[in-house]
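J.: Per Swiss-Prot, topological domain 'Cytoplasmic' is recorded for 1-692, 738-790. Taken from Swiss-Prot, the feature domain 'GB1/RHD3-type G' covers 55-284, and the record attributes it to sequence analysis. For GLY65, SER66, GLN67, SER68, THR69, GLY70, LYS71, SER72, the entry in Swiss-Prot reads GTP binding site. The annotation transmembrane segment is assigned in Swiss-Prot to 693-713, 717-737 on the grounds of sequence analysis.
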Amino acid sequence: MELSEGELSHTSSSSSFVPVDQRQLQDAIQIIDEDKHFNTGILDYINKTSPADVGNNYHIISVFGSQSTGKSTLLNRLFNTNFDVMDESNRQQTTKGIWLAYSPVVSTTSGHTTSKSNILVMDVEGTDGRERGEDQDFERKAALFALSTSEILIINIWETQVGLYQGANMGLLKTVFEVNLSLFGKSKLEKHNEHKVLLLIVIRDHVGVTPVESLAKTFTSDLQNMWGSLSKPAELEHLRFADFFDVSFHALNHKVLQPKEFGEGINKLGDRLVVNNELFKPEYHHDVPIDGWTMYAERCWEQIETNKDLDLPTQQILVAQFKCDEIVEGVFQEFLSKYQHHFKEVDVDVDFAELGELFVDLRSDSLEDYDVSASRYNKAVYEQKRAKLRGLINDKLKEVFDVHAKKLCDTLLETFQKDLVALKGKDFAVNVKALSTKLVEQVVDTLSLMSLHGDISSNEITSGLSKEIDATIAKQQVIELNSIVNKSVKKLSGSLSKSIQFELGDPNDETWDNVLQMFKESYDKFGGDFGLGTSTTQNEQAIERFKFKSWCQFYDVTRKLISKEKLLALLQDRFDDKFRYDENGLPKLYLNEQDLEKTFAVAKQYALQVLPILTLAKLADGSEIVPEYDIFDSKLREEFLGAYDDSDDEDDHCFAEVVTEQEKSEVLAKFKKEVDAKYIETKRSIVQHITQIPYYIYLIILVLGWNEFMAIIRNPLFFSLSIVLGATVYVLYYLNLLKPAMLVAQRTMDEVIIMAKTKLREVLIDDHEVTGRQLNKIAGGKENIELDDM
């Protein structure tokens, strides 16, 4: 929007005490009027009045001070602006609101000097004016706006006001500093935020009796003390006054009594600004282009305007606040008595709909009682205190709300946990989502019944419930994931056992290749997202855990199936297969020692050829099986198995070594003993067979005893006995009991011979010798009896 010359002239008077060329003067624009409305045409004004593109090349200076202290005059004389000044014949408010003007030149000791930067000057309505009286709201907001948007804030003060509290506007500055700290102070916590504001204290009507240094010391001390008494937010307690502000002083003589010295003081201040350039510093600049500054200024005013800390109540409002507070207290106490009556004990089986209606009735009755007594007071205060009472009642009823909400959540959560466990991994993610959604909806619907039409928020409870649900789901997900891992490891272990047992039937050089291939097939199949809704990280960890456990199972299963006892049994079985049976699987009968020794050597070699294959897990290419993980690492075992091994076992474990060398030696020794024993036993049977009666003897006996043989056949009794005896011998032979029967018969015969010899000796020896021996036996027996009695 382009501003016309007429619009600018309407808002700024051309009257001024400044004797400068009127062609250089720039009319001011009112950026905030006395009704607190912000003018959005500032940027158009700046673009119209500045000679070139402003960009970042600008400075903002504002003035603050009491009414009728010559603030506008100071700005006009120093910056050659055209702000309205007071008519000396009629002391009254001149500047209303906040005005902004462009400074074409700055007054210096060398004349009017053009600044290298564009200088924009703000004239702020004076404080303590009779026009506004006790209403200090605009004064505070205007001062805070100037402080927030300016690089240099000129505080215009008479010498006689230095050291005063109200006279020096310390009370107003304290309020402004506190609100500025609460609104904009947190930005100071950001890194590399060195922004400050220069407080330029211009001491007016300085007569020179008190040195400027002494006045500066007094004023600075007052500022420091005031800063120390501010109510600061906790996170800003450590910040100092110097972190936000720099302070500089400049004294001016009396304008009327010492006009020449006054002008010289103005020019010296101009030198400090644009000639010596000692007052403009980079950290004072807002570091935004001019169009950004105008937007920032508008946002600052919006925030300041809506801030309640700058408002002060009137007497009428104070009365309304006191009476309404009194009414609120009385009504609330009456509400508490009803509250104690209804909620003295917590009902376990509560009807949430009825409880919600009771909440509404109790609150409505209390608010109606308040309305009857407080509605005649100031409307704003009445509504504010009504909202306060409503909040107190809501907070008290929320205590009951929270108790029942917790019981409800606990009950439903317990049911949810049972339903979750019952899923047992079937479409887990889908069903879990349905269950959790149903649970939350049920809780929200139930709590809404007693939420006082939404005044009692259930967000905190539902948020906590959601966290509980998530924690429960996460816990069950871990259980289900571990179950999947363990089941998969168990399945792999079973397949691995079958594969190894199959290979043990006929071990060869490719035995471990076949076992490893089967292992890899099951090993590589495990993966995916498992359908549990777990995160990628959890899935990856589960896969890692499965792989580690799988290699542990590989190690354990191989050592379980190929222990030294089972290895010894396997060697013996293989030896027996070659030593005791022929190629057709029939038992072998050795007739000579040469055949025995040859078969023994072959069988022994056949048995021992699998020993190096089974004791070391080695592939056909000669390489040992090496797992992807070091399953003996204690940290990995603790991570994946949850088992911490703090033993001091310093033995080097070898994954491929199924049977250790020591165990291998033990197996070989036992195997040698066993097969040697079988060899000796078999050889003894051959020798016995060789030392038996020759077969031709039986032929001779048959020829010589032919008559007796025929006599037996012709005799029915002898023939029957022969058949029975032959059948008995055949049965014993068939049952492989012939040798034991012969042994029993031989021992029986030996006993019979011994008894016969004894009887024969008794007959042949004299009776007196027999009698003597019997007496000796009796005497010996008696002695034995006596010894036993002793």
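Note that Cβ sites are derived from N, Cα and C of the backbone, with glycine treated the same way.
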J.: So which residues does the transmembrane segment (717-737) touch in its own chain, when a touch means Cβ under 8 Å and the partner is 6 or more beyond its ends?
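T.: For the transmembrane segment (717-737), the sequence-distant neighbours (Cβ-Cβ under 8 Å, at least 6 residues beyond its ends) are 711.
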J.: What mean pLDDT does the predicted model reach across the topological domain 'Cytoplasmic' (1-692)?
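T.: Computed over the topological domain 'Cytoplasmic' (1-692), the mean pLDDT is 80 on the 0 to 100 scale.
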J.: Under a criterion of Cβ-Cβ distance under 8 Å and sequence separation of at least 6, what residues of the same chain contact THR69 (GTP binding site)?
T.: GLY126, ASN156, ILE157, TRP158, ARG204
J.: Taking the center of the Cβ atoms of GLY65, SER66, GLN67, SER68, THR69, GLY70, LYS71, SER72 at the recorded GTP site, which other residues in this chain have a Cβ no more than 8 Å from that point?
T.: GLY126, ASN156
J.: Secondary structure at GLY65 (GTP binding site) (DSSP, helix/strand/coil)?
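T.: The three-state answer is strand.
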J.: Out of SER66, GLN67, SER72, which has the highest number of nearby Cβ atoms, where nearby means within 10 Å of its Cβ, if these are the binding-site residues?
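T.: Max Cβ neighbours within 10 Å, all protein chains included: SER72.
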J.: Out of GLY65, SER68, LYS71, which of the binding-site residues has the smallest number of neighbouring Cβ atoms within 10 Å?
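T.: Fewest other Cβ atoms within 10 Å, among the binding-site residues GLY65, SER68, LYS71, is found for SER68.
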